[in-house]
Amino acid sequence: MGCTLSAEERAALERSKAIEKNLKEDGISAAKDVKLLLLGAGESGKSTIVKQMKIIHEDGFSGEDVKQYKPVVYSNTIQSLAAIVRAMDTLGIEYGDKERKADAKMVCDVVSRMEDTEPFSPELLSAMMRLWGDSGIQECFNRSREYQLNDSAKYYLDSLDRIGAADYQPTEQDILRTRVKTTGIVETHFTFKNLHFRLFDVGGQRSERKKWIHCFEDVTAIIFCVALSGYDQVLHEDETTNRMHESLMLFDSICNNKFFIDTSIILFLNKKDLFGEKIKKSPLTICFPEYTGSNTYEDAAAYIQAQFESKNRSPNKEIYCHMTCATDTNNIQVVFDAVTDIIIANNLRGCGLY
């Protein structure tokens, strides 16, 4: 799905210009501290948003960053393939060519020896490419909602020849798509539109959530991330709970929390690209049995948005919602620009100036 400028985004740019003009006229030039909390269930795209801030508002990834992400790309790639191989057994799927079993064993052996962060040997690379090309593996990949698989599996496995090259260096997109579970709290600082941002990315898995409480004081706004594509998947940490239901429950508790009575809440309905692909094959009724609309991107996404908005029990609290694709830098740049304008407008309203 392309991420071109929508009417809503063009309006946001116009609003942005107007607010900047107001600020200049009012002579409010003292830089203000903004504390942003990134919340959401595990694997909703929070850390990818942080990486985008590094690209958009800092200097992107340094040579040192690229070096550090290289083993992560190797690991994400081979671990994804190993997860598909393991699911072949669980789901009882046969390989298109039974000789692939030897290739599968080689992949699983590398993972069990914990050599997954190392460059692929020529033999291993050939085995991985043969496996990814196998019809049984592809059938198993198409059923990935039935087991746990990294969202970037296809992206990396489609690029095996490039990632397996001797002179491989991760690209910006490779780095954006890496998946490392966030433990604890990661703080990022940057300045934009005369505001000093302190952005806190908090681990989304259930075990990490108790660490959020320290961040609750004087938060300017919360960005709550939801993986739209999680509607037909279960949690890593609890395979009986649907990911979208978990997100809704968590959003309810954040949105109506006494700590956040006066905090702006910005909802990022993320992974809209994956959702757009998935909704063609996997009906929304998997998650919402009462849904009677069509399985088009527009209708299904609007229904999910309404489910989240209905959790807000405060009549004077507004939820600002954006459909996002966290791996698309242009999309996040436009959306974050609009988010900043909301923060500025709310700040001015607080001072009676807007």
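Yeah, the Cβs are placed from backbone N, Cα and C, and that goes for glycine too.
In Swiss-Prot, the region 'G1 motif' annotation falls on 35-48 of the listed ranges 35-48, 91-104, 231-244.
Record note: among 50-57, 266-273, 282-289, 266-273 is the stretch given as region 'G4 motif' by Swiss-Prot.
Checking the ranges 21-29, 138-146, 174-182, 291-299 against Swiss-Prot, the region 'G2 motif' annotation falls on 174-182. Of all residue pairs in Glu43, Lys46, Ser47, Thr48, Ser152, Leu176, Arg177, Thr178, Arg179, Asn270, Asp273, Cys325, the annotated binders of GTP, the farthest apart have Cα atoms separated by 17 Å. Secondary structure at Glu43 (GTP binding site), as computed by DSSP, is coil. Sequence-distant neighbours of Arg179 (GTP binding site) (same chain, 6+ apart, CB under 8 A from its CB) are Glu43, Asn76, Asn150, Asp151, Ser152.
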